[in-house]
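Chemist: First the structure, then my questions, so here it is.
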């Protein structure tokens, strides 16, 4: 009899349940479950559902793997504390790149980045292998990195059944792995590493751009994707379409084509230049045409501003009209942009927002406060850039506090100062809040389609609507009984810079959620 493996999606569950992006289902845990299903009895569950069953349920499995982000270590620890002594325990996901996560969670091993080659070997050996941090008591072994893989797992769409609100969620489907940004930060790192100005990462050719004589990780300093997943490579189109079709058969209505930059799709193999060659228009057209014909609503995740032009914007608008799309601006200070390793300029980012808006999409502009090198001058420039982004058509300004991510160039920097304690961070955060509240007020009186997805966690008699084409969550007073429907709602007010209130105008569709819930998860 084959051994049993439980994969737990604990992404964002540090407090015991997800409080943000509850309408998002990532690709990672489903990919890992699919990778192992031919050799093991695999089950997939979310951390929230596992708590409802009882954490003691993990005792039934020979191996337990948990997908985490930084901040989810406590959730993993609580699970692992309920396993038997002979159970093999591992972590994966973005949080696994920190060797300290092994000690915080009590896991035996942490899979860094891609699982295709690493995880099967790890479960066979149950010992140190390349691409894994392995714990021995309070010591951590690292046999070394594993070369990047060109292999993509064939994802079993049936694993989406592990997610209770899948019918209303935005389900991510991987189309590109890695990142093409070879640029590096020019800031001196805490351990003394500093750019020597050799020019390889910005002016070199091919693989030369990926090599840094000073050992500085590639990519934007705050991001670990290039250093963990390597240069960009595209997933075969037939595999993408196969997964999308399978998800639709499972009741999925919204799909997000997931990539560090959708415009890298089909642009080349093992791409190390974020600017050239230009996007492969025909490859993108085939991707969008063949996926959009199967699903109700198609999103693209991210676009690099330096690759976007009017032709590409109009192509995205043709197949994804009315949906939200992310543009990373990060800061309004041109000097800081280059210093953190960003390949796009501020001018390019603002132009991309304008082009996307004109093409019928709803761009969201992303900024970071507390970055290394932040000054009051850079904060003022960032506040100005936020206002310009709104003028160019940004529907939302998203701001994040800089937090060091393991395996990124800035991984050893301290977290950025909070708005409470720092005037520059406060200026950026307050500007974003005011702009977002003003943008939400523009919505009052408008009618949109939402999926009434779940009761309000704070007001159980109310319900939360997830806008069909993306946007702020809609609080619907007294609408708990409408959970499981698609409705047209009128926006009536602004609750916060992230939530609006609304009233139901009419029910468009009653969805047979019970039939979907009755389908068993593979395993």
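Using N, Cα and C of the backbone, Cβ positions are placed for all residues, glycine too.
So Swiss-Prot lists the following for this protein:
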BINDING   212, 220, 223  [4Fe-4S] cluster binding site
DOMAIN    193-447  domain 'Radical SAM core'
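For each listed feature, how buried is it and what is near it?
Modeler: Secondary structure from DSSP puts residue 223 ([4Fe-4S] cluster binding site) in coil. All protein chains shown were included, and the count of other CB atoms within 10 Å of the CB of residue 223 ([4Fe-4S] cluster binding site) stands at 24.
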Chemist: Using the CB centroid of 212, 220, 223 as the [4Fe-4S] cluster site centre, which other residues of the same chain sit with their CB within 8 A?
Modeler: 181, 183, 184, 185, 216, 217, 218, 219, 221, 226, 227, 341, 408, 409
Chemist: Quiz question: given the binding-site residues 212, 220, which has the greatest number of C-beta atoms lying within 10 angstroms of its own C-beta?
Modeler: 220
